[in-house]
């Protein structure tokens, strides 16, 4: 019997039926949100698009009619091209589905996708086509990253709080132990002696120190409270620095020091006026406190803004400096002091760091003994402001 | 009993010195608000074979803390052993400090501030030395 006479079941389908099925299939493919495409594997090992859905067009910005019929290497740019060709090759030779994650910069933005490519075989068992699907993971990745940042921040805060509790308990215990000791001593001293009067004085001082620690704790806790309601406002940096200086002018003049404020007059920065005031006040007052006796104090304050929106503020002095290597992990810790000669409770730099970080900035320090100290505060253009503080 | 008192807190120094005097513990008490200065002095005295018999050492101090002081003394452990007893005198109640203090052979004990007469007498008997005439 001639082959043409063989009644095949397909032959009962009319052209209209086929067109209807084709239409249905195309509706399904174009409704799928995942990028879907079919490649023909040509005998010379090249890959050519024979189908791409609407999602493909939406993600890449390349119209479907500009894709179908073109070779993969004409459509996909490097460095993605080398990767996908390797993966296609792998799917074709292993005859298995190949899945990988890929980050691509499409005109619509950066997309993280899970790409899966499955081989299709012809009657001879040759891999003739590849069906590819890209599942958009961008949202999941973003949520994952937010989660990671949040966890990191929580861990940091938890360790800060632990350290805070340890430090506070220690700093409460020190004046308390002194007060206890003096009450013990007083019972054994002659009331008319000089030592008795001095001990009463010292008892009083110990209790004042205790009270001071409680005040510090209150300040720090209220800082955490106000941080939650922090809303950035434009702050005129030069003016705030000048204002902070006014409160210290007397101390600065008394030591014969000089401050040069090189911040551009009109520079406005998004942040908190009160925080910037505290930052300048503490850094300048530290520079005065830890000045060198060997030379007149010179303080330089500067701020530079880069076109990308990032900002760097520096406060530099020529004071006594400190051994950065020894002090480095503790410089900004509460109740840490590095100068035995000068007075200081070790709370200033702790507050400075807290204020800088509350505004999404970062502070670092360089110092050299007998040369001076330089604090650098850096603000990135858009510090992860979407995260809760 | 020749005694060194090392503490950056002058109130604590005054207090401990008075308490020691009230107990007739020692009539030669040298006080230092800087561990570094105490270390320099102690090393000079060591060469003259005149180390203090007792050192009261605070832990939490700027520049050189109590642990750093002890570490700096480590090379002299041999010659100081038996002649110089170091008591850590701290306001810290942290157990970790007590554990750490046991790693130092020169440390004879850890005392929580404030020093009281009971502890002072315990040290006196530990060192086999009765109260001195002030």
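Here the Cβ of each residue, glycine as well, is placed from N, Cα and C on the backbone.
Keep in mind it's a predicted model, so treat the numbers as computed, not measured.
Look at TrEMBL and you will find B:2-128 tagged as domain 'Response regulatory'. Residues annotated as 4-aspartylphosphate in TrEMBL: B:58.
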Average pLDDT across the domain 'Response regulatory' (B:2-128), rounded to a whole number: 92
DSSP-derived structure type at the residue listed as '4-aspartylphosphate', helix or strand or else coil: coil
Nonlocal neighbours by CB distance (under 8 Å) for the residue listed as '4-aspartylphosphate', same chain, sequence gap 6 or more: B:6, B:7, B:8, B:9, B:12, B:66, B:88, B:89, B:90
Tally of DSSP helical, extended and coil residues in the domain 'Response regulatory' (B:2-128): 58 helix, 24 strand, 45 coil
